[in-house]
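For reference, the structure discussed in these notes is given below.
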Amino acid sequence: MLVLEEHIWVVVVGFIIAFILSFGIGANDVANSFGTSVGSKVLTLRQACTLATIFELLGAVLLGSHVSTTIRSGITDITPLQNQTKGVDLLLYGQISSLFGSCLWLLVATFFRIPVSGTHSIVGSTMGFALVLFGVSGIKWLGLIKIVASWFISPVLSGLISVILFLLLRKFVLTKDEPLEPALRTLPLIYGVAVIVNSISILLQAPPMLRFNLIPVWGKFLVSCSLGVIVALLVKFIVIPKMRHKILKQLQCPNKAQVPADQQVVSIWQKLMRKIGIKKKKKQEDVIEPDKKHQSSLMELQVEPQLANSPEEVEVHYTTLQTAIPIFKTSDAEHTTNDNNEQPPLVELYIPVIKDRPAEAKVFSFVQILTAVLGSFAHGGNDVR
């Protein structure tokens, strides 16, 4: 469509709002894809931002054409505007209003740390613009029902797929006594299937300017399967041997001695006595409580694991999850110090922990990067475009 000179300012304002909207999408939606990878230290924040930039852009270019068509003409019926003198102006102003409304809501939601979808925002704002301009008759209800239905179907389908994948991994990898080799054997299959699915999506939904529509459907499936097989073979014969050597080397040369896997001995009493003030408070029985002005010290306390050869069993109770300090009667606590200002005896608390198996964790850290990248790619094709 030819843009008249009098409409240039609308296009410029639309670009500015779109960039601000992208800021909100990046802060809210993109963080959903890479949040777990950054939180688990698999990726640094800089690496996550770099990968997100690349794959969000690729997703928008390769997969986003059909989504943009749906947003443009699948929600509202714009045919009445074609017969009006100011129809083009009304459409431009309506789209600007939709962008601004979606942008404002995303920024507000991000400020309050609420994970929301950019798709929901733009669909709602577009529908609002159509209701104001045309009323109920201006909305394509069938198209809207399909979009809303997908919001409920997508979580169910993704949840089912997640359950099936986890059950398979738990049966064939996580329950094995030696998880390294079973975990490595899953990598070619995971990477190959991921490449096949994404290749089919790109070839079927790419914009016409890429000329992928000239390839017959059977050819698209053949190309996708071929790419998946090639990637699986590369992972099996090149990536896995290097990964196996690296993981075994790390496991044979641990950085430092660790606490036994079935328990963790935590020493807290001496650190608490050094960092907080103690006062007596009479209730049903006298207890030791931290002074109010030192409450923040409890939150800063660094609890370090220590080894113990024959720790004594000590009954420990807690007042709240915030303080989590042992409570003793005052008469007992008075014996913990003496005139020589000796430190109170060590109180050792045993915290059972889940047995860690670093081999499988290191293998699946690469799979976690793959899932984050593919999630960013799909998000770029759906929300960014």
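Backbone N, Cα and C atoms are what each Cβ position is placed from, and that goes for glycine too.
All annotation found in TrEMBL is predicted automatically rather than curated by experts.
Tertiary neighbourhood of the transmembrane segment (6-27): same-chain residues 52, 56, 88-89, 92-93, 95-96, 99-100, 102-103, 106-107, 109-110, 118, 383-384, selected by CB-CB distance under 8 Å and a gap of 6+ residues from either end. Feature annotation from TrEMBL assigns transmembrane segment to 6-27 (among others).
When Cβ-Cβ distances below 8 Å are used as the criterion, the transmembrane segment (48-71) is approached by residues 26, 30, 33-34, 37-38, 122-123, 126, 143, 147, 201-202, 205-208, 210, 369, 372-374, 376-382, 384-385 of the same chain, each at least six residues removed from its ends. The transmembrane segment feature in TrEMBL is assigned to 48-71 (among others).
If you look up TrEMBL, you'll see 91-114 (among others) marked as transmembrane segment. Sequence-distant contacts of the transmembrane segment (91-114), counting only residues of its own chain at least 6 positions beyond either end whose CB sits under 8 Å from a CB of the stretch, comprise 7, 10, 13-14, 17-18, 20-21, 23-25, 27-28, 78, 81, 121-122, 124-126, 128-130, 133.
The transmembrane segment feature in TrEMBL is assigned to 121-142 (among others). Tertiary neighbourhood of the transmembrane segment (121-142): same-chain residues 71, 74-77, 80, 90, 94-95, 97-102, 105-106, selected by CB-CB distance under 8 Å and a gap of 6+ residues from either end.
Sequence annotations record features per position, and here TrEMBL assigns transmembrane segment to 148-169 (among others).
As annotated by TrEMBL, transmembrane segment applies to 189-206 (among others). Below 8 angstroms of C-beta separation, residues 62-63, 65-66, 212-213, 215, 217, 220-221, 223-225, 227-229, 231-232, 235, 367, 370, 374, 377, 381 of the same chain, each at least six residues beyond the ends of the transmembrane segment (189-206), sit close to that stretch.
Feature annotation from TrEMBL assigns transmembrane segment to 218-239 (among others).
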